[in-house]
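Novice: Below is the structure I would like to discuss, written out as structure tokens.
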Amino acid sequence: METPSQRRPTRSGAQASSTPLSPTRITRLQEKEDLQELNDRLAVYIDRVRSLETENAGLRLRITESEEVVSREVSGIKAAYEAELGDARKTLDSVAKERARLQLELSKVREEFKELKARNTKKEGDLLAAQARLKDLEALLNSKEAALSTALSEKRTLEGELHDLRGQVAKLEAALGEAKKQLQDEMLRRVDAENRLQTLKEELDFQKNIYSEELRETKRRHETRLVEIDNGKQREFESRLADALQELRAQHEDQVEQYKKELEKTYSAKLDNARQSAERNSNLVGAAHEELQQSRIRIDSLSAQLSQLQKQLAAKEAKLRDLEDSLARERDTSRRLLAEKEREMAEMRARMQQQLDEYQELLDIKLALDMEIHAYRKLLEGEEERLRLSPSPTSQRSRGRASSHSSQSQGGGSVTKKRKLESSESRSSFSQHARTSGRVAVEEVDEEGKFVRLRNKSNEDQSMGNWQIKRQNGDDPLMTYRFPPKFTLKAGQVVTIWASGAGATHSPPTDLVWKAQNTWGCGTSLRTALINATGEEVAMRKLVRSLTMVEDNDDEEEDGDELLHHHRGSHCSSSGDPAEYNLRSRTVLCGTCGQPADKAASGSGAQVGGSISSGSSASSVTVTRSFRSVGGSGGGSFGDNLVTRSYLLGNSSPRTQSSQNCSIM
């Protein structure tokens, strides 16, 4: 086909060869040729425009169809993501409330721990003070015992001296008795001498009377004779008689005076000797009595001091016994508190270790999810580039956040793990349900499976021969313990059945050892039942373990942004067909009403299972999330079943709202 530009030189060449042209003609011809060229170009342009419009119409039709398909897919994904975001917001709210409550409980526990620690420190100070006081009292007791031993030795010495003094007193009393006897003898002799003196005086008077009578008789005879004698010789006889009488009287008086003097001298000498000996004896007796009195006074004072010391010693011993009893009680209390604190600390360490393990597992899951989200983001970006679609600002923002998060995860994985550990919390709690229909109740069940404790709460003895304790953990085989045929549980008594692995001693009727079983078993759902001899269940206790996990709101918001980014993306195969893209969905059972909440979007193809287990003190939600993407043969497609993860969320406090006020319904 010949173009107008190819035809124009031929025509102009022919005209130029036929006739000469004027400049005006030439100018017009050139303008004509220019117009023809422009017309040809316009025709070609119009043809091209028409063909392009036809192609554009076809493309618009295809674009419209593609946009309708994409809008349908995006609307479905958006609905699913909005439902998912609603559930996530509710979960975040509940998790935030639970975290606040757990923080309050943690602060209370820390305050209690500080208070108990302060009390323990105070008790230890009191114990040290009591020990110091005990040492002082022991030193005082030793000094008092030394003083008592000294007083006892002095008492023994004084008792020896008293014994010697008593011997001396006995000797002196014997000497005094002998002196008294001698004094009595001397007094008897004096009385005898006085009697003799009186007798001699009476004899002397009698002799005087006799002599006077004889003298009168002689006088009378002489007078009668004188009458007869001469008066001349009367005076001679009278003078001679007077002289003889005077001489006889003088002799008698001299003899009596001499005898009297001898008696008085002998009596006075003996009396002086007796008085001197009596004075000596009385002085000795007085000294002995005085020494005896002083000894008695000293013995009385020492006895009073000894009794006072004995009373003080008894009081000190009673006080020492009281202090020892109080010290023993304080030691027992301190040991019990320390044992409880050590047990609580061991439990807290075990729980912390368990939580750290769970945190590590959750971090690993989070890292895997971050890698999968990053891979999904790359796939979506590849599809957008292939379809030449401009990314939304949210996608760009999410892509920037994902790139920064990826760099942080690659460059500082330990920092991310540490931040995750600090921004999330997990707690394991146990809830117990007990029921009793008889006298005996299941009082305590060990979480580690070491023992089962029963108590007779009635005022009567209970025969438990051939009774059974049945223990089961979830779907595990049933464990049965049978009591001895003659076993009886006293009123108010407690019996503990130990597993053989607990290391307890068999001491009936308070401690029994199940030698056939090393442990009672441990797990998340322990049911212990007491069966009587007729096969009737009279008591039951169920122990349920719940795990509570709380994550920081910032991390959840980042996950929400990543989910929003996934909502706004789309996947297509290389041939233009939409790929099946199954993101997250969740099925949750209400802990109060028990009804499921179906929030999965239609056409998403996600299959997620969840359940809630609620007890008297804790509730938990197990959420399983599945991701599946089936792409075409494009370079950005993935295989099936990328990841399936299970999470355990929960609230340690029981739900108090009714089914009408259920947040899910």
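Glycine is treated like the rest: Cβ placed from N, Cα and C.
Annotations per Swiss-Prot:
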- M1: N-acetylmethionine (MOD_RES)
- 31-387: domain 'IF rod' (DOMAIN)
- K32: SUMO2 cross-link (CROSSLNK)
- 34-70: region 'Coil 1A' (REGION)
- K97: SUMO2 cross-link (CROSSLNK)
- S107: phosphoserine (MOD_RES)
- K201: SUMO cross-link (CROSSLNK)
- K208: SUMO2 cross-link (CROSSLNK)
- K233: SUMO2 cross-link (CROSSLNK)
- K260: SUMO2 cross-link (CROSSLNK)
- S282: phosphoserine (MOD_RES)
- S301: phosphoserine (MOD_RES)
- S307: phosphoserine (MOD_RES)
- K311: SUMO2 cross-link (CROSSLNK)
- K366: SUMO2 cross-link (CROSSLNK)
- K378: SUMO2 cross-link (CROSSLNK)
- S390: phosphoserine (MOD_RES)
- S395: phosphoserine (MOD_RES)
- S398: phosphoserine (MOD_RES)
- K417: SUMO2 cross-link (CROSSLNK)
- K420: SUMO2 cross-link (CROSSLNK)
- S458: phosphoserine (MOD_RES)
- K486: SUMO2 cross-link (CROSSLNK)
- S500: phosphoserine (MOD_RES)
- 552-561: compositional bias 'Acidic residues' (COMPBIAS)
- S573: phosphoserine (MOD_RES)
- S629: phosphoserine (MOD_RES)
- S653: phosphoserine (MOD_RES)
- C662: S-farnesyl cysteine (LIPID)
Novice: Do me a favour and check the Cα-Cα span between K201 (SUMO cross-link) and K260 (SUMO2 cross-link); whole Å is fine.
Specialist: 10
Novice: Would you mind reading off the Cα separation of S307 (phosphoserine) from S301 (phosphoserine), to the nearest angstrom?
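Specialist: With the alpha carbons as reference points, the distance is 10 Å.
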Novice: Based on Cα distances to S458 (phosphoserine), point out the closest of the recorded positions K208, S301, K311, K378, K486.
Specialist: K486
Novice: Using all protein chains shown, find which of the modified residues S107, S307, S458 scores highest when you count other CB atoms within 10 A of its CB.
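Specialist: Per the Cβ count within 10 Å, the most buried is S458.
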Novice: Please report how many Å separate the Cα atom of S282 (phosphoserine) from that of S301 (phosphoserine), as a whole number.
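Specialist: Roughly 27 Å, rounded to the nearest whole number.
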Novice: Can you check what DSSP calls K486 (SUMO2 cross-link), collapsed to helix, strand or coil?
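Specialist: For K486 (SUMO2 cross-link) - judged by DSSP and reduced to three states - the answer is coil.
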Novice: What is the three-state DSSP composition of the region 'Coil 1A' (34-70), stated as helix, strand and coil residue counts?
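Specialist: Computed counts for the region 'Coil 1A' (34-70) are 37 helix, 0 strand, 0 coil.
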Novice: Which one is closest to K208 (SUMO2 cross-link) in space, judged by CA to CA distance, out of the recorded positions S301, K311, K378, K486, S500?
Specialist: S301
Novice: Three-state secondary structure of S458 (phosphoserine) from DSSP?
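Specialist: S458 (phosphoserine) sits in coil per DSSP, no helix or strand.
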Novice: Cα-Cα, whole number of Å: K486 (SUMO2 cross-link) versus K378 (SUMO2 cross-link)?
Specialist: 76
Novice: Could you check which of the recorded positions S301, K311, K366 is the closest Cα neighbour of S107 (phosphoserine)?
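Specialist: Result: the closest of the recorded positions to S107 (phosphoserine) is K366.
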Novice: Counting other Cβ atoms within 10 Å of each Cβ, which of the modified residues S282, S301, S500 scores lowest?
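Specialist: Looking at the modified residues S282, S301, S500, the Cβ with the fewest others within 10 Å is that of S301.
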